[in-house]
Every structure is written in structure tokens, then in C-alpha cells.
Amino acid sequence: MAVHKVSFVAHLLVLGMFLLLVDAKACTKECGNFAYGICPRSQGTPDDPICTTCCAGYKGCNYYSANGTFICEGSSDPKNPNVCPQFCDPDIAYSKCPRSEGETIINPTGCTTCCTGYKGCYYFGQDGEFVCEGESDEPKSCTTECDPRVATISCPFSGLVKINQECINCCNADKGCELYDNDGSLICTGGEPQSAA
């Protein structure tokens with residue numbers, strides 16, 4: 001009877017592992033054949049303005065003047081861009097988009113496929129037609145600067161630790177780790193989106 005119970009538990013364990021594997025995202029190693037990709041990203045600065053218009057600007061991106069005044073939200077869908085006049089709006093200096101770092105136009109795309117392409121990036125075939133939006137999360141890039149406010153860190157796996165020579169900030173802290181200042185106030189939790197300070 002004990003053998004049947006062990007066998008049943010073993011089958012449940014194997015089934016659970018199978019379901020985890022099926023649920024996990026695995027991309028094939030085949031290469032895509034994209035001509036280019038578009039990833040709407042923040043561009044320009046008050047001192048180094050971009051050349052665009054509200055018509056040509058990407059949906060989801062906000063456009064600002066050099067003094068920080070909101071001008072407009074872009075109205076062009078990267079999957080089906082607007083046909084717009086070819087001039088620069090002198091009022092627009094920079095944009096703020098959900099994605100901030102990296103190239104806006106990806107060309108060449110290398111071995112990118114729909115599966116390995118980044119979410120929020122749009123990929124186009126050799127004929128210029130929209131193929132797909134990427135499905136993978138883009139790796140987070142963190143600054144290497146130390147946050148001088150951090151005095152202690154509490155991680156679920158290690159407990160409370162005093163920070164001495166360790167260089168840490170809200171971006172590079174392990175997921176779930178809470179960073180505290182000298183007063184014991186929570187600064188942030190690692191692995192969570194941080195608001196711009």
C-alpha cells in the first residue's frame with residue numbers, strides 16, 4: 001500500500017514539474033528575418049533637441065519643449081506610422097516614453113524573433129510590413145552608482161544586514177530586498193519599478 005502512495009505522489013510531482021516547464025517561456029534558437037525594429041524610447045534633451053512633430057511622434061510618448069512644457073502626445077502608431085510632413089517642430093525638444101534607454105530603430109535586428117524581441121518593440125519584415133510585437137522582457141540596466149542613503153537592507157533569504165562597503169541602489173538590489181535609511185525608513189524594495197526622484 002505504501003508503494004502505491006509513493007508512486008501516486010511521484011506522479012503528482014512529475015505532473016507539477018511538467019506543468020511548470022510548459023508554462024515557462026522558451027524561445028527557439030532559430031533566427032528571424034526582420035528588416036528592422038522600432039522601440040519607442042525617450043529621446044533628446046533641452047540642449048540637444050530632436051527633430052519630430054506631434055504627427056510623427058510615437059503613441060505613448062509625450063513631447064516637451066526645452067523649458068519642460070508639455071507639447072503633445074505622439075499620434076503615430078509604430079505598427080502603422082502616420083504619413084506626416086517632413087519638418088521639425090521647433091517647439092519640441094525632447095520626448096519621454098515608457099522605455100528610456102537603448103536604440104529607437106534597431107537595424108540590423110540580428111537573430112531576433114517575435115519570441116526573443118522585446119515587449120513594446122515592433123518588428124517589420126523585409127517588405128516593410130509589420131510582423132509582430134516582441135514577447136520577451138527587456139533586461140533591466142542599472143546604474144552602478146551607490147545610493148548614499150542606504151544604511152541597512154533586509155532580504156527575505158538573509159534577514160537584516162548592515163551595509164558597510166557594499167555598493168547598492170534601488171535598481172541593483174535583489175528582488176524583494178528592502179532598503180532602509182539611517183532612520184529606519186523604507187527607501188525602496190528591489191525588483192519593483194522606481195518612481196523618478
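Every residue, even glycine, has its Cβ placed from backbone N, Cα and C.
Per Swiss-Prot, the features are:
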DISULFID  Cys27-Cys115  disulfide bond
DISULFID  Cys31-Cys111  disulfide bond
DISULFID  Cys39-Cys121  disulfide bond
DISULFID  Cys51-Cys88  disulfide bond
DISULFID  Cys54-Cys72  disulfide bond
DISULFID  Cys55-Cys84  disulfide bond
DISULFID  Cys61-Cys97  disulfide bond
DISULFID  Cys114-Cys132  disulfide bond
REPEAT    24-80  repeat '1'
REPEAT    81-140  repeat '2'
REPEAT    141-196  repeat '3'
SIGNAL    1-24  signal peptide
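Positions of Swiss-Prot features highlighted on the structure.
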residue	record	Cβ within 10 Å
Cys27	disulfide bond	12
Cys31	disulfide bond	12
Cys39	disulfide bond	23
Cys55	disulfide bond	15
Cys72	disulfide bond	16
Cys84	disulfide bond	14
Cys97	disulfide bond	20
Cys111	disulfide bond	12
Cys115	disulfide bond	15
Cys132	disulfide bond	18
In whole Å, how far is Cys61 (disulfide bond) from Cys84 (disulfide bond) when you measure between their Cα atoms? 17
Compare the Cα of Cys97 (disulfide bond) against each of the disulfide-bonded residues Cys111, Cys115, Cys121 and report the nearest. Cys121
About how far apart, in whole Å, are the alpha carbons (Cα) of Cys39 (disulfide bond) and Cys115 (disulfide bond)? 15
Nearest recorded site to Cys72 (disulfide bond) by CA-CA distance, among disulfide-bonded residues Cys27, Cys121, Cys132: Cys121
So how many of the residues in the repeat '1' (24-80) end up helix, strand or coil by DSSP? 0 helix, 16 strand, 41 coil
Residues with Cβ closer than 8 Å to the Cβ of Cys51 (disulfide bond), same chain and 6+ apart in sequence? Cys88
Mean pLDDT across the repeat '3' (141-196) comes out at 75
